[in-house]
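Worksheet for the structure shown next.
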Amino acid sequence: MNKTTRMRTALAGDTPALGGVFALSAFSIWGFFPLFFKLFEGVSAFDVLAHRVVWSVLFVSLALLMRRRWRTAAGHVRDWKKVRGSLLSGLAIAANWGIFIWAVGHDQVLEGSLGYFINPLVSVILAVIFLGERLRPWQWFSVALAGVGVFNMVVSFGAVPWVALSLALTFGSYGLLRKIAPVNSLDGLFLETLFLSPMAVAYLVWLAIHGEGAFVLGNGPWGGLSSMDVFLILSGVVTALPLLLFARAAKLIRLSTLGLVQYLVPTLQFSLAVFVFKEPFGADHLITFVLIWVALAIFSIDAMTHRRPVT
């Protein structure tokens, strides 16, 4: 950020400190997601996912209108590369959302947090495979150390931590696809949920016809809405809001700072799993998480050491 840009930013009231507030707010909302999605216990993960897609596209559309970005976002539909990329990234993020919702509903928040801890390292491996990026020795070491941590869980519990690996792989794939067909976060979410919404609506209609859906409009105290109806509608708000905050933060603070603050998300989820939801956490879990944390520390220090100076 040059001197002129900094002056304009300061005059507009947007400062790095405010960017930090936006970033902390966005990552805190994501970190406390398990508390929100615990409200849907007993509801099919597919049902919740379909509602999240439908209400997200509605609230994101509203946000685009309020920010006067509707024409720009809708214009991306004419770009086949972005359409194709958004279709694929939409499937990736839908899979990620669905797995996360299932994990929360089945008391797997701890393993879910592990997935988001290892996600940066999985993303690096995907970049090496598909983008031809090269890793430095310490980066390879951190990836290997994380692999040892995951292997420890396999040996200790006799099962592959598929929730953690699936979350890391789907979100890593999402990031890779967004990098190949770049669209800003809000426009991208609009396109992704727009393309997914026909399938989501069709599924919800099918549930309603068979009397199996969680949405019971007309039978609740809130203008015909039940508390579950309200929660399902809010799933769109809690999806769009942190993205709006994140997009604003990204313009005001360093990307490297955002990269470090992102670890607040799995840290909060880890804390909720252990201290609020009381999920089992023994010595074997501790060994795995310590190995992952050390790997991330090495990876982050190496990244900061080799960071390019900003002029």
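Every residue gets a Cβ built from N, Cα and C, even glycine.
According to TrEMBL:
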- 19-153: domain 'EamA' (DOMAIN)
- 16-37: transmembrane segment (TRANSMEM)
- 49-66: transmembrane segment (TRANSMEM)
- 87-106: transmembrane segment (TRANSMEM)
- 112-131: transmembrane segment (TRANSMEM)
- 138-154: transmembrane segment (TRANSMEM)
- 160-177: transmembrane segment (TRANSMEM)
- 189-209: transmembrane segment (TRANSMEM)
- 229-246: transmembrane segment (TRANSMEM)
- 258-277: transmembrane segment (TRANSMEM)
- 283-301: transmembrane segment (TRANSMEM)
| field | Cβ contacts under 8 Å made by the transmembrane segment (138-154) with residues that lie 6+ beyond its boundaries | value | 114, 118, 121, 124-125, 160-161, 164-165, 284-285, 287-292, 294-296, 298-299, 301-302
| query | Do any residues of this chain, six or more beyond the ends of the transmembrane segment (189-209), have a C-beta under 8 angstroms from a C-beta of it, and if so which? | reply | 46-47, 49-51, 53-54, 56-57, 60-61, 64, 73, 76-77, 82-83, 86-87, 89-91, 93-94, 183, 215, 239-240, 243
| message | Please tell me whether the transmembrane segment (283-301) and the transmembrane segment (112-131) touch - that is, whether there are at least 3 C-beta pairs under 8 Å between them, with each pair 6 or more apart in sequence. | response | yes
| Annotated stretches the transmembrane segment (258-277) and the transmembrane segment (16-37) touching (3 or more Cβ pairs under 8 Å) | yes
| task | Name the range, of those listed as 49-66, 87-106, 112-131, that has the largest tally of Cβ pairs under 8 Å with the transmembrane segment (16-37). | result | 87-106
